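Positions annotated as domain 'CMP/dCMP-type deaminase' by TrEMBL: 23-150. The substrate binding site annotation in TrEMBL covers Asn64, Val65, Glu66, Asn67, Ala68, Cys69, Tyr70. Here TrEMBL flags Cys75, Cys109, Cys112 as Zn(2+) binding site. Residues or ranges marked as active site, proton donor by TrEMBL: Glu77.
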Amino acid sequence: MGDLQIIVGEDEEARILSCAPPDGIKGLICKSQEAKEFAYCPYSNFRVGAALLAHDGTVFTGCNVENACYNLGVCAERNAIAKAVSEGYRNFKAIAIASDLNEQFISPCGGCRQFMREFGTHWDVYLSKPDGSYVETTVAQLLPVSFGPEDLKKKKVFTIQNGF
Ligand SMILES: [Zn+2]
């Protein structure tokens with residue numbers, strides 16, 4: 001694809017150094033592929049990148065970050081969202097996700113779907129392949145009949161008094 005500048009290093013391993021992304025979906029996917037390059041995944045060797053588009057056009061990227069204590073590992077999608085929220089952003093238009101799977105569009109794990117859903121159900125999720133091809137879906141489609149922050153405010157049959 002023409003969106004990526006790929007060079008071959010001394011070790012013959014192709015690395016994506018930079019992409020000059022066009023605006024729009026392809027650009028967001030390109031940024032998710034760039035983010036994938038920073039994946040820290042010595043245990044799974046499964047690189048994932050994400051690029052999150054905020055309402056004002058700002059893009060936050062994330063990669064998976066694993067840990068010797070396996071269950072502390074954080075997914076690329078959650079990393080990107082946490083970065084955005086920590087900088088004051090809560091309104092998102094889309095997220096693109098990239099992996100090294102050649103024959104399959106990378107799909108977010110259940111935990112990340114819930115993490116996305118916290119910030120609304122009607123925003124776009126682009127599941128991509130390394131060649132830049134993608135499937136467009138939404139948070140609502142990935143996590144139907146979901147539980148979210150609005151549900152906590154709904155009428156209940158029982159209310160805990162004074163925190164007990
Ligand atoms: Zn995940």
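Each Cβ is built from the backbone N, Cα and C atoms, and glycine gets one as well.
What you see is a predicted model, and the numbers here were worked out from it, not measured in a lab.
With a cut-off of 6 Å between Cβ and the nearest atom of ligand 1, the binding-site residues Asn64, Val65, Asn67, Cys75, Cys109, Cys112 reduce to Cys75, Cys109, Cys112. For the recorded substrate site, residues Asn64, Val65, Glu66, Asn67, Ala68, Cys69, Tyr70 set the reference point as the centre of their Cβ atoms, and the other residues of that chain within 8 Å of it by Cβ are Tyr40, Tyr43, Asn71, Leu72, Gly73, Val74. Each residue of the domain 'CMP/dCMP-type deaminase' (23-150) gets a DSSP state, and the totals for helix, strand and coil are 39 helix, 33 strand, 56 coil.
On the backbone, the CA of Ala68 (substrate binding site) and the CA of Glu77 (active site, proton donor) stand 20 Å apart.
Rounded to a whole number, the distance between the Cα atoms of Val65 (substrate binding site) and Glu77 (active site, proton donor) is 11 Å. A Cα-Cα distance of 8 Å separates Glu66 (substrate binding site) from Cys75 (Zn(2+) binding site).
When Cα-Cα distances from Cys112 (Zn(2+) binding site) are compared across the binding-site residues Asn64, Val65, Asn67, Cys69, Tyr70, the shortest belongs to Asn64. For Val65 (substrate binding site), the same-chain residues 6+ apart in sequence whose C-beta sits under 8 angstroms from its C-beta are Ala39, Tyr40, Gly73, Val74, Asn79. Each residue contributes its Cα atom, and for Asn64 (substrate binding site) and Cys75 (Zn(2+) binding site) these two points are 4 Å apart.
A Cβ within 8 Å of the Cβ centre of Cys75, Cys109, Cys112, the residues given for Zn(2+), is found for these other residues of the same chain: Ala76, Glu77, Arg78, Pro108, Gly110, Gly111, Arg113, Phe115. Note on the domain 'CMP/dCMP-type deaminase' (23-150): its mean pLDDT in the predicted model is 98. When the neighbouring Cβ atoms lying within 10 Å are counted for each of the recorded positions (Glu66, Glu77), the highest count belongs to Glu77. Cα of Tyr70 (substrate binding site) to Cα of Cys109 (Zn(2+) binding site): a distance of 16 Å. Local packing around the binding-site residues Ala68, Cys69, Cys112 was summarised as the count of other Cβ atoms within 10 Å of each Cβ; on this measure the leading residue is Cys112.
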